[in-house]
Amino acid sequence: MSLGIATSEAEFESSIRENVVRKYFLYYCLKSKMFNIRFWICIFSTAVSLSAILLVPFSIFSNEILLLYSKNYYIQWLSSSLLKSLWNSVFACSNLCIFILLPFAYFLIESHGFVSFRFTYSIWNRLLETTVNSSLLVILSVLLVQIVIIFLEKENCHPYTFETCFNMWSFLITASTKLPVIYSYISMFGVGLSLACTPLGFGRIFAVFNVLIPEARIRNKIINDLQLLSAEEMHLVKKAKTAVSNLKHTPFVEEEMNVIWLSCLRNLANLYAQRKLFQKELNSISWLSVVIYPALFVVILAITALSVLSVVWNVFQITIGFRRLPIAIEDFELGSSSLSFLGFYGAFIEIIITLYLMLASLIGFYSLPVFCRLKPIRNGTSMTRLIFNCTSTLVLSSALPVLARVLGLTNFDLLGNYSQLNWLGNIYFVLMYNLMFTFAVICVSLTLLQLPFRLTWILRLAVKLVARISSSGSASLKLFVLNYLTKDVEGDQRSHKKDVLEENLCSKLTETV
């Protein structure tokens with residue numbers, strides 16, 4: 001009897017074990033499938049973003065190549081129809097990613113399946129819930145845009161009745177015609193975001209070089225200190241030799257000679273230790289900080305100046321009527337004329353400026369107070385954060401062709417049939433955007449370029465104030481003044497600049513005393 005009970009218990013436990021193992025296996029298979037779906041959606045959206053970024057340089061380069069080699073047989077495949085098909089394909093994929101794929105990936109993370117189904121955690125149940133949520137989001141977006149259009153265009157809007165609202169065919173037609181309107185609003189939001197991000201990105205780049213370039217001056221200072229230490233060592237040795245040679249060799253002065261030699265050796269040991277530290281600091285400073293970083297800073301400063309000059313030239317041409325508004329530009333035939341009055345070199349400069357603007361937009365986006373939390377971290381980025389990064393990159397990259405048209409870098413209608421940018425026909429909007437962009441870039445650049453001069457002025461003011469209050473002998477008051485005068489030094493430069501200020505301040509105070 002007991003043997004039968006033990007056998008039944010063993011069978012029961014083995015069945016439970018098999019069910020648990022099977023559920024764990026199905027769970028991990030489901031998890032890997034869900035991860036692969038989300039990951040490939042993010043890869044596809046990133047590829048679309050990269051294609052949208054490269055559309056402007058590719059179009060400008062193709063136009064100049066056709067002008068240079070107009071009769072070459074091997075480049076006749078470059079044509080306006082090819083570029084238009086590429087534009088339409090890329091921005092059709094952009095619409096697909098923004099409205100369907102990326103929301104689908106996000107809802108797939110948050111989905112748990114409908115409770116009423118038998119298999120709650122099956123992959124098909126989660127996919128069904130995700131599809132329903134994505135469809136509701138698209139319907140809600142179309143309805144919101146339709147409401148906005150009804151309020152903005154009351155006269156030209158089609159009158160809707162109760163029957164037409166529930167007609168699926170009319171709704172699908174409305175959705176297909178209004179999605180480009182939604183995309184134009186998204187591109188307008190991206191252009192506005194680029195206005196805030198691009199000057200901030202310029203400032204971030206200048207701030208990085210403002211930290212890297214002073215290493216060259218530090219290297220020169222270390223070399224001068226090493227030369228002074230070597231001269232001081234020679235002076236100590238010579239002084240010890242002369243002091244010992246002047247003494248008479250009697251038993252009574254041997255102790256004095258030992259004291260002189262010991263003090264000399266102690267000073268030489270201290271100098272040797274300082275020299276070793278300076279040599280270590282000198283070896284830590286690479287040749288990049290001496291040659292490459294200043295050269296890169298000059299190149300970036302030149303590109304920034306060229307971008308500002310091109311925007312100012314665009315404003316001047318629009319104001320006097322030499323250039324049409326972006327919406328009034330007709331279909332540009334590829335290879336008919338150059339986009340720049342400098343020819344191929346001017347087109348090359350426009351390509352560099354366009355890519356530099358996109359890089360500055362991305363850097364400035366991740367420098368904003370709200371969006372800095374979305375910055376990807378190696379081996380520490382969640383899938384939700386990755387989806388938000390892909391969405392933001394797609395919005396900025398989709399706004400790059402519009403930004404290039406507004407700033408006058410290109411004449412191509414790069415959004416093709418998937419946009420209705422009626423707001424580009426407002427001359428006040430275009431001029432105001434160009435002027436605000438120029439003003440923001442100039443202010444940020446001048447502020448960061450004047451930072452070393454401002455720090456020097458703060459140092460001189462600190463020396464004068466502390467020299468005046470030095471007679472009171474209050475150390476806390478001196479420290480308070482020093483901290484107050486150096487409080488505008490931000491970020492990673494704060495500790496380094498403060499140490500330099502304190503060192504220079506102490507040296508000048510000792511000179512005045």
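Every residue, even glycine, has its Cβ placed from backbone N, Cα and C.
Here's what TrEMBL has on this protein:
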TRANSMEM  39-61  transmembrane segment
TRANSMEM  86-109  transmembrane segment
TRANSMEM  130-152  transmembrane segment
TRANSMEM  182-213  transmembrane segment
TRANSMEM  285-316  transmembrane segment
TRANSMEM  342-366  transmembrane segment
TRANSMEM  386-407  transmembrane segment
TRANSMEM  427-451  transmembrane segment
Contact call for the transmembrane segment (342-366) and the transmembrane segment (39-61): at least 3 Cβ pairs under 8 Å, seq gap 6+: yes
Of 39-61, 86-109, 182-213, 427-451, whichever stretch has the most CB pairs under 8 A to the transmembrane segment (386-407): 39-61
Sequence-remote partners of the transmembrane segment (39-61) [C-beta within less than 8 Å, at least six residues beyond its ends]: 83, 86-87, 90-91, 93-94, 97, 101-102, 104-105, 334, 339, 347, 350-351, 354-355, 358, 383, 386-387, 390-391, 393-394, 396-398, 400-401, 404, 409-410, 412, 414
Spatial neighbours of the transmembrane segment (427-451) far in sequence, C-beta under 8 Å, 6+ residues away: 191, 195, 198-200, 202-203, 206-207, 210, 301, 304, 307-308, 311-312, 314-315, 318-319, 325-326, 406-408
